[in-house]
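Participant: These came from TrEMBL, pasted as-is:
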{"type": "DOMAIN", "residues": "103-311", "note": "domain 'Cation efflux protein transmembrane'"}
{"type": "REGION", "residues": "32-57", "note": "region 'Disordered'"}
{"type": "TRANSMEM", "residues": "103-124", "note": "transmembrane segment"}
{"type": "TRANSMEM", "residues": "136-153", "note": "transmembrane segment"}
{"type": "TRANSMEM", "residues": "173-192", "note": "transmembrane segment"}
{"type": "TRANSMEM", "residues": "204-225", "note": "transmembrane segment"}
{"type": "TRANSMEM", "residues": "253-274", "note": "transmembrane segment"}
{"type": "TRANSMEM", "residues": "286-311", "note": "transmembrane segment"}
Amino acid sequence: MAESRKRAPKVIVNPLDRVFISKMPTREEATYFAQSDSDSPPYMKAPAKAEPKKTPYDLPDDGADVPLLNGVVSEGFSYNPPGITDFCKEPQSVTDHLAWKKLVAATTMCLIFMVIELVGGYVAGSLAVMTDAAHLLSDCVGFLVGLFAVWISGQPPNNRFTFGYHRAEVLGALLSISVIWILTGIFIYLAVERLVKDDFEIHADAMLIVSAIGIVINMIMGSVLHGGGHSHSRDGRPTARGTGADNINVKAAVIHVLGDLIQSTGVFISALIIKLYPSTKIIDPWCTFFCCLVVMISTVPVLRQSVWVLLESFPPDMDYRLLYMSLSRLEGVQDVHSLHVWALT
């Protein structure tokens, strides 16, 4: 928060839409010590019909877009964070609509192929294929969380949830990771059991077919999530935001698909080796370990980010010192202290 020695501060919003500071009006903007008697000292008399001076910090009407302090320059110091656009209330309807369509398409393909892999893995007797199906289940849960987040983020805040419902995405991500890790633990246990007992059979042909289909499906899903058209900004310049690919949930879905593509490729190579050398069926449980490792590694960043958000830590993509200096050098700000910045999602 920022302090000033005068009264009646104006509240303005900083460029990151997370920190609120106060700016005192200048002498020309406000009337102080308004008195009508002629005995008042000159310095206590208000100027006659003082016109309010328009500044970049004036708040617009309720519901209107709030201009950001892009490229604020004060005493030779400027702060213009990357990725900040021209308004606090950025129009997201087009981007969210495209993100919704991409996630729906990816979820549908993921659910269909997950069923195919479960059946195919059971027929082939391959734990590696069924582990890949479990990874697809985690992808489906992640996609559904993304769909829910896109929908819930569009709901307006209310008196009970004053920040809106953005944290629902974080809670959903933690639930998804919990389910994934439980399934991963089960498959690790089954793989160890196969290594110890060595009493299983692998049908390499079915394993090859299912894993090959998995590679194709994952490539299609990646193309759907990453592709799209383009839109134009208010000044007519083309922008990639209209593709929906910049949506954080779509980015997370792309990471999920990439991890599953690597996993399906590993299963395919294992199936090919078992097909050529049937005595090497022991590769299947080892491939299961590899798939479980891929699942664990791919979920750790999401878990770490979710914990950071829930603990309200300082956003890692921002510079605390740079933000502090930017706020302290704004015109009218006397001091900045107890600066707290956090992310909603």
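Yeah, the Cβs are placed from backbone N, Cα and C, and that goes for glycine too.
Distances, neighbours, how buried they are, the whole picture for these features please.
Facilitator: Packing against the transmembrane segment (173-192) from elsewhere in the chain are residues 127, 130-131, 134-135, 137-138, 141-142, 145, 285-286, 288-289, 291-292, 295-296, 299, 302-303, 306: each is 6 or more residues past its ends and has a CB under 8 Å from a CB in it.
Beyond the transmembrane segment (204-225), the same-chain residues lying 6 or more positions past its ends with a Cβ under 8 Å from any Cβ of the stretch are 102-103, 105-106, 109-110, 113, 116-117, 120-121, 123-124, 126, 128-129, 132, 245, 250, 253-254, 257-258, 260-261, 264-265, 267-268, 270-272, 274-275, 278.
Note on the transmembrane segment (253-274): residues 102-103, 106, 126, 128-129, 131-132, 135-136, 138-139, 142-143, 146, 202, 204, 207-208, 211-212, 214-215, 218-219, 221-222, 225-226, 245, 280-281, 283-284, 286-287, 290-291, 294-295, 297-298 of its chain, located 6 or more positions outside it, place their CB under 8 angstroms from a CB of the stretch.
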